[in-house]
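Annotated ATP binding site per TrEMBL: 30-37, 147-150, V180, 188-191, in sequence order. The active site, proton donor feature in TrEMBL is assigned to H37. Taken from TrEMBL, the feature beta-alanine binding site covers Q61. Look at TrEMBL and you will find Q61, Q153 tagged as (R)-pantoate binding site.
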Amino acid sequence: MQIAKTLDVLRTQVEKLRPGGESIALVPTMGALHEGHLTLLRRARETCDHVIASIFVNPTQFGPNEDLDAYPRQLVEDAAMLQREGCALLWAPGVEVMYPDGFVTNISVSGVSEGLCGASRPGHFDGVATVVCKLFNQVRPSHAFFGEKDFQQLAVIRAMARDLDLTMPHVHSIIGVPTVREADGLAMSSRNRYLSQEHRAAAATLPREMQEAIARIEDGQDTAPTLAALEDALLGAGFSQVDYAVLADAGSLAPLERLAGSPARLLVAARIGGTRLIDNMAVEQNR
Ligand code: PAF
């Protein structure tokens, strides 16, 4: 596996991978790779001729009081994992490569980025949209893979790519890959490693209570009291704050008071022991 740290090396290596129009998968990450990322890589390998992964802890998507400095960085270990998964090229730029002096552009996607995590993390999705647009332009992949765990992020990226016509010249397919979970149901995340043993055990309440709430909503029970009960259960289990627990349209992410015939999603963000966990699950119309 080659490792590119400058744009010149990246371009040379990418061109070597597609002399005859081979399909190229991009798996953008911030590193600290876990089984969830490896699942994206495996899907990418099954789908495309070559896989390129990027590792960049993007400062513009972290708020001033968030965990940018503490975010786990383990490039050597990550590179070994990528190599084992058959990744052809690792794009690992420094901040000075992605945001050189004088960088002044910001991509802001309205609508889908505004509620949910957008409300509690102002500017976060601007940072994501801007860096992913840059990654798409730098690598020009035919396919890009993202985890459905970050469901709102995926919606923002799809809207950005559509509106900026990025899907036409290169990124033909933006593929969402279902969330990978630990044995007790907790969605895999690089941030799970912040959890103490006690909080890690309590964190499994999140997917369990979400499934409980989904069963009730699918059985026709009222959404508002069901979501209130979900919040109470999380607070009772040791979560300190619930940023949101929302039933939303799976496409627009607009909140729903009840199931309305179109695909729906339950999305939750809650804090435990200083760590913010997010999760989302499909809600079916009829059980
Ligand atoms: O999901 C992530 O790891 C990041 O938000 C992404 C898409 C790599 C952009 O920095």
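Any Cβ shown, glycine's included, is placed from N, Cα and C.
Bear in mind that TrEMBL entries carry predicted annotations, made automatically and left uncurated.
Model, not experiment: these values are computed from the prediction.
All features noted in TrEMBL, drawn onto the structure.
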| residue | record | Cβ contacts under 8 Å, 6 or more apart |
| --- | --- | --- |
| M30 | ATP binding site | I55, F56, V57, N58, Y71, S190 |
| L33 | ATP binding site | E77, D78, M81, L82, S190 |
| G36 | ATP binding site | G147, K149, T179, V180, A187, M188, S189 |
| H37 | active site, proton donor | V27, T29, G147 |
| Q61 | beta-alanine binding site | G123, H124, F125, D126, G127, V128, V131 |
| E148 | ATP binding site | L154, G176, V177, P178, T179, N280 |
| Q153 | (R)-pantoate binding site | C117, F125, V128, F146 |
Contacting binding-site residues, sequence order - M30, G36, V180 vs ligand 1, Cβ under 6 Å: M30
Cβ neighbours of S190 (ATP binding site) where a neighbour is any other Cβ within 10 Å: 18
Other C-beta atoms that fall within 10 angstroms of the C-beta of V180 (ATP binding site): 18
